[in-house]
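One structure is given below, encoded as structure tokens.
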Amino acid sequence: MQIFATEQIRAWDEYTIRHEPIASVDLMERAATACYDWLLQNNYKGKAFTIFCGKGNNGGDGLVIARLLAQTNHAVTVNILEFGHKGTVDFQINLARLHNTTATIRFVSSEETVHPIPTGDVVIDALLGSGINRPADGLTAHLIQHINNSNNEVIAIDIPSGLFVDHSSRGNIVIKARYTLSFQCFKPAFLMPENAAGIGDVHLLNIGLLPGFLAIQDSPFQLVDQQMAQQLLQPRKPFSHKGDYGHAAIIAGSYGMMGAAVLCARACLRSGVGKLTCHVPAVGYNIMQTSVPEGMCKTGSPGENDNTGHATQEMDKYDTIGIGPGLGPNPANVSLLYSVFEQNRRPMVIDADGLNAIAREKALLNKIPLGSILTPHPKEFERLFGKTANDYDRIQLALQTATDNNLYIVLKGRYSFIASPDGKGYFNSTGNPGMASGGTGDVLTGMITGLLAQQYSPLHAAILGVFLHGRAGDLAAAYASQPSLIASDLVDFLGQAYQSL
Ligand SMILES: NC(=O)C1=CN([C@@H]2O[C@H](COP(=O)(O)OP(=O)(O)OC[C@H]3O[C@@H](n4cnc5c(N)ncnc54)[C@H](OP(=O)(O)O)[C@@H]3O)[C@@H](O)[C@H]2O)[C@H](O)CC1
Ligand SMILES: [K+]
């Protein structure tokens with residue numbers, strides 16, 4: 001699914017108006033009716049509503065919702081924020097239509113004319129939508145704060161008022177919504193952690209914008225959804241053997257952190273790899289052989305209770321390598337990476353302490369095999385590439401770094417972001433907060449490594465890996481719960497995640 005910026009959303013509206021064809025006021029009716037239907041289907045039937053409208057088309061949506069609610073015997077009060085002009089044409093048409101209903105209409109022209117919001121009323125926020133072009137200030141900001149301070153439940157239409165669609169809103173005064181009812185496609189603002197406090201749960205409503213637009217409009221950002229993941233999945237061949245699915249190596253683990261190696265290796269196996277060799281220090285030999293019997297195991301100094309030595313011979317024989325989970329903050333990681341990068345020039349996966357070693361020894365960045373996948377969480381990303389002012393800048397920096405170094409960067413988070421060297425970015429749609437616990441990243445590294453070994457391209461391995469990882473988390477959380485979810489569950493549910501595609 002494409003993710004569009006403000007101008008593209010506007011262009012899609014216009015395309016639909018022209019080609020369907022449909023009058024813009026009727027498209028507004030359709031959008032607002034979708035919101036009204038959502039309210040009735042989600043236990044808001046019979047409630048009282050206080051609706052705040054600006055004088056743009058977002059406000060117009062609010063007026064239509066008000067009319068539909070009033071016509072079905074809901075108590076509705078509409079507060080219209082005076083912008084000092086008459087409002088858009090569709091706003092005016094719908095204001096005239098609203099006058100014929102039982103809705104109470106008030107105009108808010110100063111702080112003195114702001115009424116308290118009755119306790120228990122559901123607030124609909126239709127002050128500002130995608131037409132916002134500056135931070136809310138003055139009376140607009142006052143109204144937003146008034147709504148936020150009321151403790152009433154707020155449902156934002158299209159986007160919480162005050163939030164910019166496609167650039168940072170840091171410092172803005174923004175509506176804090178319980179739900180955001182938005183139209184047709186995700187907006188970049190919904191995917192940024194910095195906006196988490198305002199957007200609540202986002203529900204996308206289909207308002208019938210014409211799909212033909214998607215063929216003529218490219219977007220640098222896409223949402224990885226079921227359809228995209230399905231298209232990437234390669235079926236297994238009927239007459240195949242383990243040699244057809246690649247030989248992966250996992251270089252991981254240290255004293256006290258062998259669990260990371262186990263999780264990573266088990267995830268790699270479950271992803272469908274043909275053969276796996278685990279490179280761990282001697283201290284972890286028994287652990288690996290017992291916990292991951294399907295994998296082979298190599299240690300740096302066999303027989304010794306050695307914490308540091310990872311075998312580095314014959315690295316070139318692997319189709320790919322996943323390196324980093326649980327290596328620990330060991331200075332020897334730097335020379336380990338030099339050795340691995342020198343011997344094997346195929347795309348590989350680098351995570352955790354592998355990334356931290358590169359952050360320490362920046363010269364390693366130029367040695368990484370082209371097309372490799374880096375999987376940092378935000379802190380690791382910062383150590384590697386520096387601080388950014390906001391989430392949008394971080395995404396731009398990830399894209400720039402991916403392009404400059406011919407690498408893929410998987411920036412882990414609620415909507416993990418994959419930066420591709422061609423300048424395109426992919427936000428993953430699966431996953432849940434239950435996955436915010438130790439070891440889930442090690443599982444992801446194992447999965448992507450396994451997919452790379454099976455000859456998925458780096459981009460496809462990264463996309464499918466993050467999608468399946470999140471899906472496994474969603475299935476595990478549905479089976480038990482989010483708080484109880486642990487990284488091993490992701491490995492256990494990976495089979496069902498594949499099945500769900
Ligand atoms: N397909 C769809 O997505 C549909 C969306 N619809 C709805 O339309 C809005 C977008 O409507 P638009 O009229 O373009 O914009 P807004 O209503 O968001 O804003 C209107 C004007 O407000 C002014 N503005 C901008 N920023 C501020 C601010 N910080 N404070 C005060 N006023 C502000 C600005 O005008 P100026 O002349 O003052 O610059 C805006 O133009 C979309 O969000 C949907 O809700 C349609 O219903 C159809 C389908
Ligand atoms: K809004």
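Glycine too: its Cβ is placed from the backbone N, Cα and C atoms.
Feature annotations, courtesy of TrEMBL:
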DOMAIN    9-215  domain 'YjeF N-terminal'
BINDING   57-61, 129-135, Asp158, Ala260, Gly326, His377, Asp442  (6S)-NADPHX binding site
BINDING   Asn58, Asp125, Ser161  K(+) binding site
DOMAIN    225-501  domain 'YjeF C-terminal'
BINDING   Lys412, Gly413, Arg414, Tyr415, Ser416, Gly441  AMP binding site
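Location within the structure of each feature annotated in TrEMBL.
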residue: Asn57; record: (6S)-NADPHX binding site; CB count, 10 Å: 25
residue: Asn58; record: K(+) binding site; CB count, 10 Å: 26
residue: Asn133; record: (6S)-NADPHX binding site; CB count, 10 Å: 8
residue: Ser161; record: K(+) binding site; CB count, 10 Å: 31
residue: His377; record: (6S)-NADPHX binding site; CB count, 10 Å: 16
residue: Lys412; record: AMP binding site; CB count, 10 Å: 22
residue: Gly413; record: AMP binding site; CB count, 10 Å: 19
residue: Tyr415; record: AMP binding site; CB count, 10 Å: 21
residue: Ser416; record: AMP binding site; CB count, 10 Å: 25
residue: Gly441; record: AMP binding site; CB count, 10 Å: 25
For ligand 1, pick out the binding-site residues Asp125, Ser161, His377 that have a CB under 6 angstroms away from one of its atoms.
none
Measure from the CA atom of His377 ((6S)-NADPHX binding site) to the CA atom of Lys412 (AMP binding site) and give the result in Å, rounded to a whole number.
5
Cα within 10 Å of Asn57 ((6S)-NADPHX binding site) - qualifying binding-site residues among Asp125, Gly413, Arg414, Ser416, Gly441:
none
For ligand 2, list the binding-site residues among His377, Arg414, Gly441 whose CB atom is within a distance below 6 Å of it, in sequence order.
none
Rounded to the nearest angstrom, how far is the Cα of Gly441 (AMP binding site) from the Cα of Gly60 ((6S)-NADPHX binding site)?
45
List the Cα distance (Å, whole number) between His377 ((6S)-NADPHX binding site) and Ser416 (AMP binding site).
9
Just to be sure I understand the packing, how many Cβ atoms besides its own are within 10 Å of the Cβ of Ser130 ((6S)-NADPHX binding site)?
25
Sorted by sequence, non-Lys412, Gly413, Arg414, Tyr415, Ser416, Gly441 residues with Cβ within 8 Å of centre, AMP:
His377, Leu411, Phe417, Asn428, Gly431, Val466
Sequence-ordered list of residues in the chain of Asp158 ((6S)-NADPHX binding site) that lie 6 or more positions away and have a Cβ within less than 8 Å of its Cβ, or none, is Asn58, Asp61, Ala126, Gly129, Ser130, Thr180, Leu181, Ser182, Phe183
By the count of other Cβ atoms within 10 Å, pick out the sparsest of the binding-site residues Gly60, Asp125, Arg414.
Arg414
Cα distance (Å, whole number) from Ser161 (K(+) binding site) to Gly413 (AMP binding site)
25
